[in-house]
Amino acid sequence: MRGGGGGGGEEEAGQKLKSMDVDKLENGGDKPALKYHGWRAMPFIIGNETFEKLGTLGTSANLLVYLTQVFHMRSVDAATLLNGLNGTTSLAPIIGAFLSDAYLGRYLALAIASVASLIGMFLLTMTAAADGLHPAECGVGETCSKATSGQFAVLFMSFAFLVLGSAGIRPCSMPFGADQFDPHTESGKRGINSFFNWYYFTFTSAMLVSATVIIYVQSNVSWPIGLGIPTALMLLACVLFFMGTRLYVRVTPEGSPFTSIVQVFAAAARKRSLKQPKDPKQDLFDPPHTSAIVTKLAHTDQFRCLDKAAIVSGPDDVRAGGAAPSNPWRLCSVQQVEEVKCLIRIVPVWSTGIIYYVAVVQQSTYVVLSALQSDRHLGRSFQIPAASFTVFAMLAQTLWIPIYDRLLVPRLRRVTGKDEGLTLLQRQGIGIALSTVAMVMSAVVEDRRRHIALTQPTLGTTITGGAISAMSSLWMVPQLMVLGLSEAFNLISQIEFYYKEIPEHMRSVAGALAFCNLALGNYLSGFLVTIVHRTTGAGSNWLAQDLNKGRLDLFYWMIAGIGIFNIIYFMICAKWYRFKGAAAN
């Protein structure tokens, strides 16, 4: 409940209050009112995100080429390392989200993370610019020297700073932007709904430029220049973020939300022998709700075993006045219990994203390797950089988001009666289905590429020794477009789903959950690569160094089969799921 009493007029007036005005909250305390600037703050927040993505994601997309061609790593080793790095980069936001929600606040977390990313980009640039920080160059057919431990140390140090940057930027950037809108007014609610789509639109637009211009410079002009440009853009991102400081709404952290979660489980375990209350509304500890940030949750009948945490077993459980427990590890409020239920309900839906991302991450690993062994020429002289093929997935996202937000949603509202057109779960399901279709298409195209390479004259040899197929690499564009469309459906709805369904004081955690899926998806992909490589390596290695000698198409078919299982699993989870605040007792 928002400070200020609660009338609709007061809510609208709340947007015009100065930042040092004082509202009376329900508990009678005085706290500074929040001055919401809404879209006025967006140029600084989205600008920071745009230049940060221009600086880091394009480089990340080309790391496989950098590791194989500059650091002379084997493709399977580089793919495994990259899966691990991407996984760690996406898992780190969980820690960053915890620190942000509990201690730092989203503004300070973003400030620290932005500077860390800048340092990481600078060190990575130095590995290319300084001759002593990378192995000596070698030509096709020559024996290439391996990187020294010192060279790897600097490379991994740059990765460490980039991971630290992602730990703060990924979970906090989008929730911090949503914080700038007043969620208690109609205009604020509409602003939040539109913000998620347009935030992702600028995000993918930045990736589009990064995956074309920056990757082209890296692959065809110079690695030092190609990495120096993103470093300069990251510096601009930092400057832009700090310029908007005076406009930002900064939500004060309310302490660790995880303590409350553990308290619920501890109290429920201690009271496991008690009988379920006959009338939860009367028998459970439900003191007046005083938070100005967190929405009051009504009791629900799922996971009734956790309700025991809120049973008052004796008069000594509650302090005088009845508003607080004597021992929070023995008695919790209905609000605390329901917040834990929200998290538990999300877990099955969240877990489907892990398998979903196994398909998505292939565009940064084996799609790049396939492109390297395909005809990448446009015309006689221009050759598309292999890592730039991810641009087609981004292009599909960039084109689809405004079409969906501006053209389809208004029409879908009239059909479904829902403000968002399709529900968040429906959009996630469509994304999962499309990712499976993309894997089937990938398998068919890869089989064709390999067949042409083995039966027709090739166009030369890659630096790693694989023959280049005469099949045009543009045949991979449709599968990447479908994969990009699946991300437009699934990723945006995932983040919005977590943001709306997780309690407000844990919204940085909400921002981290989708990236945690990406992390585990990368780890699972790396695990599958390792298992397939070891299982098939003795004979017809599916993932051979030379893809023409392997069976990458069978690997894609395997992922498609896993995707079909995931579709069925998601449908079961979605049918079971109960949205926050729905069907309360």
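Cβ atoms here come from the backbone N, Cα and C positions, even for glycine.
The transmembrane segment annotation in TrEMBL covers 107-130 (among others). For the transmembrane segment (107-130), the list of distant contacts is 48, 52, 55-56, 59, 66, 70, 96, 99-100, 151, 154-155, 157-169, 171-173, 176, 223-224, 226-228, 230-231, 234-235, 237-238, 241-242, 245, 248, 250, 508: same-chain residues at least six beyond its ends, Cβ to Cβ under 8 Å.
Annotation comment: TrEMBL describes 150-169 (among others) as transmembrane segment.
Sequence-distant contacts of the transmembrane segment (198-217) (same chain, six or more residues past either end, CB-CB distance under 8 Å): 46, 49-51, 53-55, 57-59, 61-62, 174, 177, 225-226, 229-230, 385, 387-388, 390-391, 394-395, 397-398, 401-402, 405, 488, 491-492. Positions annotated as transmembrane segment by TrEMBL: 198-217 (among others).
Annotation source TrEMBL lists transmembrane segment at 223-243 (among others).
Through the fold, the transmembrane segment (384-404) approaches residues 61-62, 64-65, 197-198, 200-201, 204-205, 207-208, 211-212, 215-216, 218-220, 363-364, 367-369, 371-372, 376-378, 421, 473, 476-477, 480-485, 487-488, 492 of its own chain, all at least 6 residues removed from its boundaries and within a Cβ separation under 8 Å. Summarising the annotation, TrEMBL assigns transmembrane segment to 384-404 (among others).
With a threshold of 8 Å between CB atoms, the same-chain residues lying at least 6 positions outside the transmembrane segment (511-534) that come near it are 76, 79-80, 83-84, 86-94, 96-97, 166, 170-175, 346, 350, 353-358, 360-362, 365, 491, 494-495, 498-499, 502, 541-543, 555, 558-559. Residues or ranges marked as transmembrane segment in TrEMBL: 511-534 (among others).
Per TrEMBL, transmembrane segment is recorded for 554-572 (among others). Taking Cβ pairs closer than 8 Å, the transmembrane segment (554-572) reaches residues 349, 352, 355-356, 358-359, 362, 366, 428-429, 432-433, 435-436, 439-440, 442-443, 446, 528, 532, 542-543 in its own chain, all 6 or more past its ends.
Distant neighbours of the transmembrane segment (223-243): 44-45, 47-52, 54-56, 58-59, 62, 66, 70, 110-111, 114-115, 117-118, 121-122, 124-125, 128-129, 210, 214-215, 217; these residues of the same chain sit at least 6 beyond its ends, with a Cβ under 8 Å from one of its Cβ atoms.
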